[in-house]
């Protein structure tokens, strides 16, 4: 009797376990789940969710943005890749051919762009040329009208402003050259190891506010090293997340445009799933990978918000995407405004009003710390040994710095005149090109994450 009861109880327990799911083996977790399971829902410090960003970016914004960035105004970027590293002398230059940058010949760059190093309209170009001539003579030409003299002096004052978040190249330097970004795409170059790790280590260890419970190892691909850092406020946490998001975005680009095959017949670039997993798999990175991807989305929201704030600057009738081709310039301005109004319609923009909202003196100190830290990071880009990596690093840090400048200039933008020179708030052509190309890189990263999700879906 006891044996029968024992068998019955055992049978009922087994049935109960099977019914509750405890008795059946769970399917193994896929690589996609390990990388993306935590990258969903609402983002920290934001009211927006990942799924809304994916849908908005991939289907409404990305195609039009890529078309804009292929236009002449945005594809040519002037940069000085010969500036010395201001922090150390032992730079090991990458000797691989994929690290090289091919600059443009003078006749390849539209005349309107070459004459518009700073400004963006035919009238402004003539003014800046007069300004540069005046500087060479040591005084503003008195033959210019009083209003023109004032505009020239205000522009000069702005260009020397300490409000900028980046250490900007002197584009008048003989070493500054135009680069066609479409012919020098950001992709894997083989630049890695201690030299590459040193750049990111200096950025994180010396120039970044570090939030609590974040481990930052010397080698970005490694885990279980480094120490915990403490952060006390949302502003400093946000600064760290911006840098982490930029780092993650660059790693997505390198994984998506990886050199898969290199023969004398052809080079084949494509998605390297293993490389992506090494950088973002939750297990391989001890939980850090998914957090890095969430920071990428955070960076997307910050730059998206800046673009929504700066719409009035681009809506002004005096503004042109000036290349010298009037029909093309007019079409591109229409496309630019379509994109900006699409961005403005985004329903869940990041709310920056909580930033620097406390004690005025402390808020101003925090803003200055932000600016100085970021300027320092922009200078570190001159220490990158791979010239192509340096090009895209400089462009993307300048673009992010321009986005921060916009967010901190809301009142100045609101007070701009509807026409004529904008004395208080101004963007140079370099800032405009870097702003949109940097956002284009983040937009591409978000699009590539969808591709990697699909590729990793059936991998365990």
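Placed from the backbone N, Cα and C atoms, the Cβ positions cover glycine too.
Here is what TrEMBL says about this protein:
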type     : residues                     : note
SIGNAL   : 1-23                         : signal peptide
DISULFID : 94-99                        : disulfide bond
BINDING  : 187, 189, 200, 244, 247, 279 : FAD binding site
DISULFID : 386-389                      : disulfide bond
ACT_SITE : 386                          : active site, nucleophile
ACT_SITE : 389                          : active site
- prompt: Could you tell me the C-alpha distance between residue 279 (FAD binding site) and residue 389 (disulfide bond) in angstrom, no decimals?
  reply: 18
Task: Using C-alpha atoms only, work out the spacing between residue 386 (disulfide bond) and residue 244 (FAD binding site) and round it to an integer in Å.
output: 20
Residue 389 (disulfide bond) and residue 189 (FAD binding site), Cα-Cα, nearest whole angstrom: 8
- prompt: Can you tell which of the disulfide-bonded residues 94, 99, 389 lies nearest to residue 247 (FAD binding site) in space, using Cα positions?
  reply: 389
Task: Looking only at C-alpha atoms, tell me how far residue 99 (disulfide bond) is from residue 244 (FAD binding site), rounded to the nearest Å.
output: 23
Message: Just checking a number: largest C-alpha distance across 187, 189, 200, 244, 247, 279 for the FAD site, rounded to a whole Å.
response: 21
- request: Which residue among the binding-site residues 187, 247, 279 has the fewest other Cβ atoms within 10 Å of its Cβ, if you could check?
  value: 187
- request: Starting from each candidate's C-beta and looking 10 angstroms out, tell me which of the binding-site residues 189, 244 has the most other C-beta atoms.
  value: 244
- request: Among all chains shown, work out which of the disulfide-bonded residues 99, 386 has the most CB atoms within 10 A of its CB.
  value: 386
- prompt: Across all chains shown, how many C-beta atoms besides its own are within 10 angstroms of the C-beta of residue 200 (FAD binding site)?
  reply: 19
Binding-site residues near residue 389 (disulfide bond) (Cα-Cα within 10 Å), from 187, 200, 244: 187
Task: Can you grab the distance from residue 94 (disulfide bond) over to residue 187 (FAD binding site)? Cα atoms, rounded to a whole Å.
output: 15
